[in-house]
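Pulled from TrEMBL:
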- 6-24: transmembrane segment (TRANSMEM)
- 45-66: transmembrane segment (TRANSMEM)
- 72-91: transmembrane segment (TRANSMEM)
- 98-116: transmembrane segment (TRANSMEM)
- 136-155: transmembrane segment (TRANSMEM)
- 167-193: transmembrane segment (TRANSMEM)
- 199-219: transmembrane segment (TRANSMEM)
- 231-254: transmembrane segment (TRANSMEM)
- 260-283: transmembrane segment (TRANSMEM)
Amino acid sequence: QTQLLGVLLAAASNFLISVSLNVQKCAHLRLVCRAEQKPYYTSKLWWCGITLLGLGEVGNFTAYGFAPITLVAPLGCVSVIGSAFISVFFLKKTVRTADILGGTLTITGIYLLVTFTPNVPQELTARQVQNYLVSWPFLVYSILEIIIFCVLLYFYKRKAVKHIMVLLMMVALLASLTVIAVRAVSSMIALSVKGEMQLTYSVFYVMSVLMATSCAFQIKFLNEAMHLYEATAVVPINFVFFTTSAIISGVVFYREFRSAAFLSVFVFLFGCLLSFLGVIIIARNKKEEHLQIPFIDCGHIPGQKLTGKIQPDSHSSCYGTLNKEGDSVERQS
């Protein structure tokens, strides 16, 4: 019953996040279409989207206190499929065949992983977290993760390698620490609210610092990936990497598959695979939205015989200059 509450909370939270992203996008588009340009933070609609985003993130944080990482993390796909269909109402997009197919696969995957997720104790005390921190599986896992992260960071800093895989692998490695810390902090807060005080243990503050630090650097690398690459490439890859690293960290740190049957583990992983495939199909061939920028037809300009078009300079408020007629003839030849 507690695990079901965590599932419902995680699904509802991710749905709220998908609504918030579409509301914010709608607010930006409305502001651009106005004759008088105003900052986005003056829009009530944008603040409504930010509020929904905050509620969604708080709900996700709380869900980790009621359900295992291996169940909460894959439910992030709800925000992807939710955003694809909610954009029909907010942004007047059309539903594609890929959206329906991807949504069907994702929902099927969610059903399988929710049904066959392992049953693990939900309440984590501070002493249990301390024991997990010094266990040899987690120590080996931490050493391997640190080595891999340092290698990636070396290529990122010294060799200036900013490939999407390098950036998102660093995000995933940091995310594994984030979900471990979030699960511990959320569970200890939940126990403290019930009357079993856990906030007096130093491990609570250690995990809180780990959560904040790993989350901050995770956002840094994710923002850079979003800046360098299209969202249609970043979103599915980040979801696959994040979910995989979260599941591995849940298995290693909290031993969430320790007493699970082989069939349950197999069907659970198959459900994750269907969710990955569904998200990739939804994001595949989805064009990025760009604002409509007016063009000037050179054929309508007196004295010009060119049939090409010029575009406003994106770095200034004036239009670009026309090429000389000789230059245009050379280019056409």
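Using the three backbone atoms N, Cα and C, a Cβ is placed for every residue, glycine included.
Just so you know, TrEMBL annotations are computer predictions that nobody has curated.
The listed stretches are 45-66, 72-91, 136-155, 199-219, 231-254; of these, 231-254 has the most Cβ pairs under 8 Å to the transmembrane segment (260-283). The transmembrane segment (167-193) makes contact with the transmembrane segment (231-254), as judged by at least three Cβ pairs under 8 Å among residues 6 or more apart in sequence. Only residues 6 or more beyond the boundaries of the transmembrane segment (98-116), in the same chain, are considered here, and those with a CB under 8 A from a CB of the stretch are 7, 11, 71, 74-75, 77-78, 80-81, 84-85, 263-265, 267-268, 270-282, 284-286. Panel annotation: around the transmembrane segment (136-155), residues 161, 166, 169-170, 173-174, 176-177, 248-249, 252-253, 255 of the same chain, lying at least six beyond its termini, place a Cβ under 8 Å from a Cβ of the stretch.
Residues 6-7, 10-11, 14-15, 17-19, 21-23, 25-26, 29, 56, 60, 63-64, 99, 102-103, 106-107, 109-110, 113, 179, 235-236, 239, 242-243, 246-247, 250, 271-272, 275, 278-279, 282-283, 289 of the same chain lie 6+ residues outside the transmembrane segment (72-91) yet bring a C-beta within less than 8 angstroms of a C-beta in it.
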